[in-house]
Amino acid sequence: MELLLNQVLAGIATGAIYACMALAVVMIYQAIDHLNFAQGEMAMFSTFIAWQLLQWGVPYWGAFVITLALSFAGGIVIERALFKPLGNAPVLTHVAGFIALFAIINSVAGLTWDFTIKQFPSPFGSSPFLGSQLISTHQAGMIGVTLVLLLLLYFFFQFTRIGLAMRAAAAQPESARLVGINTSWMIALGWGMAAAIGSIAGMLIAPVVFLEPNMMGGVLIYGFAAAVLGGLSSPFGAVVGGFLVGIFENLAGTYIPGVGNELKLPIALALIVTVLVVKPTGLFGRAIVKRV
Amino acid sequence: MSALQEIVDTQPIETTPKKYMALGNYASIVVVILLCVAPLIAKNFVIFQMTMVLIYAIAVLALNILTGGSGQFSLGQSAFYALGAYTSAILMEVGGVNYALTLPIAGGICFIAGYLFGLPALRLSGIYLALATFALATAMPQLLKLHYFEAWTGGVQGLVITKPDAPFGLPLSQDMWLYYFVLVVSMAIYVASVNLLKSRSGRAMMAIRDNEIAASAMGVDVALYKTLAFGVSAGITGVAGGLGAIAVQFVAPDSYTIQLAIALFLGMVVGGVGWLPGSIVGAAFIVFVPNIAEHFSKGLSGAVFGLILVLIIFLLPHGSRQIAYTVQGWVHKLRK
Amino acid sequence: MPFPALRHARCAALLAALSCLAVVTSAAPALAQKAYDPGASDSTIRIGNLMPYSGPASAYAIVGRIEQAYFRMVNDQGGINGRKIEFVSYDDAYSPAKAVEQTRRLVESDEVLLVFSPMGTPSNAAIQKYLNAKGVPQLFAATGATRFGDPKAFPWTMGWQPPYQVEGRVYAKYILATRPDARIAVLYQNDDLGRDLLKGLKDGLGERASRIVAEESYEVAEPSADNHIARLKASGADVFVSITTPKFAAQSIRKAAELAWRPLYIQALVSASIGAVLRPAGLDNAQGLVSAAYNKDAADPQWADDPGMARFHSFLDAYAPDVNRGDNSVVYGYGAAQCLVEVLRRAGDTLTRANVMREAAGLKGYTPDTLLPGIGITTAPDDFHPIEQLRLMRFEGDHWHLFGPVIDGDLRN
């Protein structure tokens, strides 16, 4: 029983990473209705900017805020420069655009900061949390930040004018334009916010996994899985999905004899696909009525 | 109704008029002649590159049938490619089967695997299907190196394959023989695919692609045709995988990662979704553009590749078929 | 199909004409003994190379950049026996299919004399058969898989670094000597590195391999090794062998410390770099680590006055000032390039592929600047593993403390 409890706790600790990333994934999905394959790389790049600022002697919170602002601006620039011109191109062409962006960012980061791992500081420290060695104060802090972000996003999308406008622009661009929403800028704003949230995710994840150009590759797969499991239309679902994937994966690695350890990612993914087959819009996603 | 849902369910690609799915007769003849003559004037390693282009073209074409034909999106083609490659490799090296005979077996096994995978995939669409296929692609290398299969797969070390010689004492180098062999296989697959899409089944698939609900209201067995499309696509990919294994003379789990699935996907987009002749353009992109990119900068080859890709999708958001249509327009004008 | 035959005939004629020309131009008696294969001439030696400049393994491409820089330095100093090195390095994106394509381009289009230091097991395995069929040296393959040192089956393929299995045996010997009743836990990367090293470890432990109480593998795609460490600690092991690449190695070291798990901690040498692994993981967490080494660590203060490392640093100052010297791959690339230059220098004016292989198989205790004291490169016609010696070391304070004798792990025994 104690082993089970420990494994669940350890699963929650890694789940916090996935939840954080999943939140960023859902954020951009809300804004542009696509999964952005370059999201992880954008977050990684932001984190490197923060790291560079810290190297230059900027205090942590200063670097944090500057990175947030730069990421927000960067997201908007990427949208304006790369995806707005693609405008009416087919959705698969957009996906190709994400892949191109992925390649560019990864390569530039590798050349600028090389591929050795870098230590990234945590604002929460890394001592045991409440006496449990399995969850550190950093991971607890990460869960806390994720939940606060979640709350903020909820209020933003539910109650603010601009949040509502963004949702409308993403879900029903035609109608949104008719009621006077500048959908084009709403999308750019969505990119900016997604990049900013991604940078927070990156800065929280980096202390755990170490900063390097490929640090998000693995995290993104899990983040996607978590977001899809929870339901892409629900930030809350994404966070829950993140923790579930973390726990799933850890339990599969511990308890499934023989292949469990070697195949825990495929097993976790298979479980998610099974969930999706039963509930195609994810655990907390809203069902969408199809029209002819 | 979400915009993406709308795009994915009703309009994954712009509807392709049927007659445009393939090349015209004259154009086809020109392309075939070019493909036949090219190796006579090329160096051996260029012949090898062209062989790889043809093999990737088969795989891109398979994805095109799935996405362009039935409107289902897949990032998992590398898994079927791997399955086909390993089937061929194991049959040849462990079973001693002739290389040509391994291809239909590889295709058959992949067809079954694809069909079975298509069953749960029926419930998924758009992003969710993308994730499921993505999961398949990530899982495949891990399955291939599993301890339990190591006796056959060679585990992480992979399997080395012997390259076939030209039969009947033909005075052809191994490379040239393999090229013509692949050329014949790929032309057969191309012709069969064009005919498939022109057939009743093909029309049913395209009806599903254009509007699933309407198609089902008209009496199309949606489940059957969607899984069938998955099976056919996987089967063809499997043949490409088998050919790839023979050409490269080596299979290993690292050959078939998600990178390959992404490359095939890019090949389809660059070639033009739903336009079968574009597959070879897309395949040429997969093989040659990374070489061009590294020519500009070693340290930034990834970035240069990305920039070239961006440039292509800016100029040709609909892929190479956009060029083909334009040319076709000119030809029509000239005739008038 | 008459064309290819015709082309071959024409090629042969051209070659004959060229060799006539060569004989005519080299009329001077001193030059009469020169012999060249494709890629070599009076003025240049063309060398091919594959590196994952793009794709998931691009971290290792720094080796290629250092080798390139090293050859530039050699050229600036007058080249090898008066010949400049032309280093043709292509991107294989760590994909075996691409590796075959690029290798064929190197051999058939660029006509290189040899393929030097191609990176990674999958790429090397994919091109091994082709290069051996063509009789082109695959020299100093940058991988520790055992199959790249098998002169009977592959007379044109030679590795460089100690095979992973040798390293595994060295750790096994150490464990048997110091903790015969150990309960051993292993974390390994699920690829050729992890599996080969684990095999060496088990072979070395012999019947005591049953003392391995817990084995965990991870995939490179996993974000973190933390949970593996938690599980391994739960196994109650008192010896931990970590066969991990830098990121996972650093995570493991830190996590073990966070969990207050203090086994005899053995870290595979691929991640024993102070700058790239131990410092990010925290030097306090790394105290007492045991590893093996054949190269000097560029970030280790004990080599500050070492003449070899001084040459290494002055090379970097001049030719690659912006690289991260803590990266093990930088030292690796320097050593491998220096070793190749030595082989080519010994080959003299007989720059044929066969002679290059002969020289490469005739090194007796050659020591590049970057090898640890006591370790040398020794090859023989039946020994294609250039470096088979390792030294054990323990991390204390801010540097590795070498202990014990040089351990020879010759796989032939």
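Cβ coordinates are placed from backbone N, Cα and C, and glycine is handled just like the others.
Residues or ranges marked as transmembrane segment by TrEMBL: B:20-41 (among others).
Residues 35, 38-39, 72, 74, 77, 80-81, 175-176, 178-179, 182-183, 185-186, 189-190, 193, 196-197, 229-230, 232-237, 239-241, 243-244, 247, 263-265, 267-268, 271, 273-276, 278-280, 282-284, 286-288 of the same chain sit 6 or more residues outside the transmembrane segment (B:47-66) yet have a Cβ under 8 Å from a Cβ within it. Positions annotated as transmembrane segment by TrEMBL: B:47-66 (among others).
Sequence-distant neighbours of the transmembrane segment (B:101-119) (same chain, 6+ residues past either end, Cβ-Cβ under 8 Å): 76, 80, 83-85, 87-88, 91-92, 136, 185, 226-239, 241-243. Among the features that TrEMBL reports, transmembrane segment is placed at B:101-119 (among others).
Only residues 6 or more beyond the boundaries of the transmembrane segment (B:126-144), in the same chain, are considered here, and those with a CB under 8 A from a CB of the stretch are 4-5, 7-9, 72-79, 82-83, 86, 117, 120, 153, 253-254, 256-258, 261. The transmembrane segment annotation in TrEMBL covers B:126-144 (among others).
Residues 18, 21-22, 32, 35-36, 39, 47, 50-51, 54-55, 57-58, 61, 65, 69, 100, 103, 163-167, 170, 205-206, 232, 236, 239, 243, 246-247, 276 of the same chain lie 6+ residues outside the transmembrane segment (B:177-197) yet bring a C-beta within less than 8 angstroms of a C-beta in it. The annotation transmembrane segment is assigned in TrEMBL to B:177-197 (among others).
Feature annotation from TrEMBL assigns transmembrane segment to B:228-252 (among others).
Annotation source TrEMBL lists transmembrane segment at B:258-288 (among others).
Positions annotated as transmembrane segment by TrEMBL: B:300-317 (among others).
Contact between the transmembrane segment (B:258-288) and the transmembrane segment (B:300-317) is present: at least three CB pairs lie under 8 Å, with pairs separated by 6 or more positions in sequence. Remote same-chain partners of the transmembrane segment (B:228-252), defined as residues 6 or more beyond its termini with a Cβ less than 8 Å from a stretch Cβ, comprise 48, 51-52, 55-56, 58-59, 61-63, 65-66, 69-70, 72, 74, 77, 80-89, 92, 99, 102-104, 106-115, 117-118, 121, 154, 156-164, 178, 182, 185, 189, 193, 196, 201, 205.
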